[in-house]
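Following: one structure in structure tokens, then a few remarks.
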Amino acid sequence: MHTLVFLSTRQVLQCQPAACQALPLLPRELFPLLFKVAFMDKKTLVLRELVHTWPFPLLSFQQLLQECAHCSRALLQERLSTESMQAVILGLTARIHTQETEAGTQPLCRKHALRVLDMTGLLDDGVEQDPETMSMWDCTAAVARTCIAQQQGGTAEPGLSPVPVEIRVDLRVNRASYTFLREALQSSVASPLRLCCRDLRAEDLPMRNTVALLQLLDAGCLRRIDLRFNNLGLRGLSVIIPHVARFQHLASLRLHYVHGDSRQPSVDGEDNFRYFLAQMGRFMCLRELSMGSSLLSGRLDQLLSTLQRPLESLELAFCALLPEDLRFLAQSSHAAHLKKLDLSGNDLSGNQLTPFQGLLQAVATTLLHLELTECQLADAQLLATLPTLTRCASLRYLGLYGNPLSMAGLKELLRDSVVQAELRTVVHPFPVDCYEGLPWPPPASVLLEASINEEKFARVEAELHQLLLASGRAHVLWTTDIYGRLAADYFSL
């Protein structure tokens, strides 16, 4: 829905040269809406000039591109246009260049000079990008190259120095982009464009490069560190963790593939693990911890006991958890604060079921997001757990993909979950009824790879839809799509 003000603004921007000439005559209060309309409609000349002459200290994508009173479209929930993103960057460099070459004349009022360009919060769903949209990798590269070019091509003359602009971004780095991102961070220290990272995600980066990058980041800006596919091991983790622990205001730490055999621990392995635990105790503000695909069998108590404050998000996917790990978590101070819990890939079907049910009871008051993908939960286990599960009254998201559930089990879940008024999304498996010749119990790999009978599944979907309609729950999404943007990030809960 668009207001008359929005439609009038869109009309004003139809002729870009005229709109650019008119900008100095327009009230500054119109600039936020002008920015959103120009960004949405790819009015790149206007967009560049808007950034060039921005009259406020802050230009924030999260503020300007969300749903507003004049336009219900939230651009940050979409992939952003490459043309529009590049226009913003060009407008910023033009602004700095103007200040450098015309320093003595002060063409831009320093009282209202732009101080912060906040480009954080861009959609990063991991899906292959449209060539006309900018991924997080593209954004990282574009901003980094701009900082490098600005430092190499600076032409400031004696007199009034340019007003520094802090560029806040979420950075994504891998082996291919590491070198120029490191150069950009080094260059920005003495540049009028100061690169400031809010969330860092490093994928498959060598240990020494990870450390070098961490040493260049501003401890006051960083909110999240996410190290993916690095297969660190305890030895590698003991090298990296002190460099991570200096960010004592870090809110989210995501570490993956930290391997170490807890069943046959070596002396060095134990020393490295104790050192890791000691460093984890330095974080004062940690709210989210993810240790996906890390071997934590029987060690969860050691890990969680070192933390200074209760967690609100805990991801322990494929961590080979034991019953005692689940019992400890249920009795810990973390349970009463957890909003998000991911136990995917841990077998909850045997002697772990009762401790798991106890854990659900402990987190029922606060839990919003529960992920149980590939947990070997068949109908019997699900039905036994439903009385506890439905006590999670605030639950919004339930992930059950990859579990051997039948249509009967799914229907029972749907009926019982009617009492969960906040539930909005259920990611369910293809029912075992839709497969042919499944071994029993079916391994998760078989459920993920085997072909299903499309005709049978179409009937299942239709029946589930009718049950949702009959129960007045048509607004709840039941889906088998595990690749959509359905799982909420902790910071959006």
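Just so you know, glycine gets a Cβ as well, placed from its N, Cα and C.
Annotation comment: Swiss-Prot describes 111-146 as repeat 'LRR 1', evidence class similarity to another entry.
Averaged across the repeat 'LRR 2' (194-218), the predicted model reaches a pLDDT of 94. Per Swiss-Prot, the feature repeat 'LRR 2' maps to 194-218.
Residues or ranges marked as repeat 'LRR 3' in Swiss-Prot (evidence: similarity to another entry): 219-246. Tertiary neighbourhood of the repeat 'LRR 3' (219-246): same-chain residues 168, 196-205, 207, 210-211, 252-260, 268-269, 272-273, 275-276, 279-280, 282-283, 288, 290, 491, selected by CB-CB distance under 8 Å and a gap of 6+ residues from either end.
Summarising the annotation, Swiss-Prot assigns repeat 'LRR 4' to 247-282.
For the repeat 'LRR 5' (283-307), the residues of the chain that approach it from at least six positions outside its boundaries are 224, 226, 245, 248-263, 273, 277, 313-322, 324-325, 328-329, 332, 334, 340, 342, 345, 490, judged by C-beta separation under 8 angstroms. What Swiss-Prot lists as repeat 'LRR 5' is 283-307, and the listing cites similarity to another entry.
Summarised by DSSP class, the composition of the repeat 'LRR 6' (308-339) is 12 helix, 3 strand, 17 coil. Swiss-Prot lists 308-339 with the feature repeat 'LRR 6', giving similarity to another entry as the kind of evidence.
Swiss-Prot lists 340-360 with the feature repeat 'LRR 7'.
The repeat 'LRR 8' annotation in Swiss-Prot covers 364-391.
Annotation comment: Swiss-Prot describes 392-416 as repeat 'LRR 9', evidence class similarity to another entry.
The DSSP breakdown of the repeat 'LRR 8' (364-391) into helical (H, G, I), extended (E, B) and coil residues amounts to 11 helix, 3 strand, 14 coil.
Proximity of distant same-chain residues to the repeat 'LRR 7' (340-360), defined by a Cβ-Cβ separation under 8 Å and at least 6 residues beyond the stretch ends, is recorded for 288, 290, 292-293, 312-324, 326-327, 329-330, 367-378, 381, 384-385, 388-389, 391-392, 399, 441, 444, 488, 490, 493.
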